[in-house]
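Under the heading domain 'Enolpyruvate transferase', TrEMBL lists 12-422. Per TrEMBL, phosphoenolpyruvate binding site is recorded for K24, G97, R125, Q172, R349, R390. The 3-phosphoshikimate binding site annotation in TrEMBL covers K24, S25, R29, S170, Q172, D318, K345. According to TrEMBL, the active site, proton acceptor annotation covers D318.
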Amino acid sequence: MSGHTWTTGPASALAGEIVVPGDKSISHRAIMLAALADGTSQVEGFLEGEDTRATARIFADLGVRIETPNASRRVVHGVGLDGLREAARPLDCGNSGTGMRLLCGVLAGQAFASTLVGDESLSRRPMGRVTEPLAAMGARIDTRDGGLPPLRITGGSRLRGIAYATPVASAQVKSAVLLAGLYAEGETEVREAHPTRDYTERMLAAFGWPIAFEPGRARLAGGHRLRATDVVVPADFSSAAFFLVAASIVPGSRVLLRAVGLNPRRTGLLQALRLMGADIREHAAREQGGETVADLEVRHARLRGIDVPLDLVPDMIDEFPALFAAAAVADGTTRVRGAAELRVKESDRIAVMAEGLRRLGITIDETPDGATIAGGRLDGGEVDSAGDHRIAMSFAVAGAVARAPVRIDDCANVATSFPGFPALARGIGLALAET
Ligand code: S3P
């Protein structure tokens, strides 16, 4: 595959203060709910990444006026629940599973037809997990064989509420069903065996939609309206994660990450790293836009391998590439189980991380739902990120403690979630060159 190549070399102590960009999950949802609301909403701290910009572009194609007065701000002129209009072309979600799955829920409730398409990676990702419950609500959605994109949503269906127990822990599935529920007759309920991030529920409440929710359960009924609301997007914990690992593993480091979102359904990595012996302190915890944020101070610490507790898995599902990097240089063995979902992310994250770490001299055994990683010393070498943003950034961090330079291929997709990563990384002392 094509794309940028990065080279990272051994780094000396990392130091400095960083503000990472806005939360991806919240940025997608802010555009969606603001577009469907009555009135004008301001979104501050919007993630200027390819994934979230794709979502904003799609709503523009659906007739919503969205202004960008300056970077990381959007002014969304909502059209109301029934104000979207048919797009003249297929709606391109790019690399974004969140965009496609949540939009599928929104578009299932429209009077018109839509087609959702994505890039090569997204076109391989399972959509049956959303099209099946939406079909049970009365939607008509065609997929390619195996439930793969493109998704052709017929529209014009009368939706009815369902009670749905999600078979996989997935905030995207839960959100797609709840968003379709806005357009459904009667009550829609989603139950989850493992609670997942609750941003859709919180934001629906903030936009004035009556919703009852608690961990593992959310319930709403159709027939209400969304009221324009300003949204302040906190810094993305998943972007902070790379620096939490980097400063933990590079001797002598001290890095401060400002105002990071600490929603408990996102911070499993913080707990896992602490179990490994990491020195991460939270300062000045405060509320920002309905979410808790805090400054995270990370100092180098000697890490040891752990068995990652099963109940942490959904709360750190996006952080496993970073965790694998930490485990590769920890003392002893780290075991990951219960994480089969990693195989259907932007890449097969178990296989791609295992392949790359092996190339750098680490012993790692894959299982269908995880891996056993024997911590050791990383050699230099060449690894492939498989076009997966989080894999590229994880190897960029691991390379800081390798014996020799690590070359990482196919890094262009880092722009989907964290376009400024290389510059911020260099700013605290990572030796990262881009070609
Ligand atoms: C997300 C949910 C998670 C996560 C993704 C963002 C969301 O996906 O991996 O990066 O914003 O709802 P799943 O719902 O597939 O677990």
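Cβ coordinates come from backbone N, Cα and C, glycine included.
From a predicted model like this one, the values you see are computed outputs, not experimental measurements.
Residues listed for phosphoenolpyruvate, K24, G97, R125, Q172, R349, R390, cover a largest CA to CA span of 19 Å. Note: the Cα of R349 (phosphoenolpyruvate binding site) and the Cα of R29 (3-phosphoshikimate binding site) are spaced 25 Å from each other.
When each of the binding-site residues K24, R29, R125, R349, R390 is scored by how many other Cβ atoms sit within 10 Å of its Cβ, R125 comes out lowest. Long-range C-beta contacts of S170 (3-phosphoshikimate binding site), restricted to its own chain and to partners at least six residues apart, with a cutoff below 8 Å, comprise R129, T196, E341.
By the rule that a residue counts when its Cβ sits under 6 Å from some atom of ligand 1, the binding-site residues S25, R125, R390 yield S25. Within 10 Å of G97 (phosphoenolpyruvate binding site), counting CA to CA, the binding-site residues R29, D318, K345 contribute K345.
The 10 Å shell around the Cβ of D318 (3-phosphoshikimate binding site) contains 24 further Cβ atoms across the protein chains shown. Taking K345 (3-phosphoshikimate binding site) as the reference point, the binding-site residues whose C-alpha atoms are within 10 Å of its C-alpha, out of K24, R125, Q172, are R125. Counting only same-chain residues at least 6 apart in sequence, those with a Cβ under 8 Å from the Cβ of S25 (3-phosphoshikimate binding site) are T98, A171, R197, Y199.
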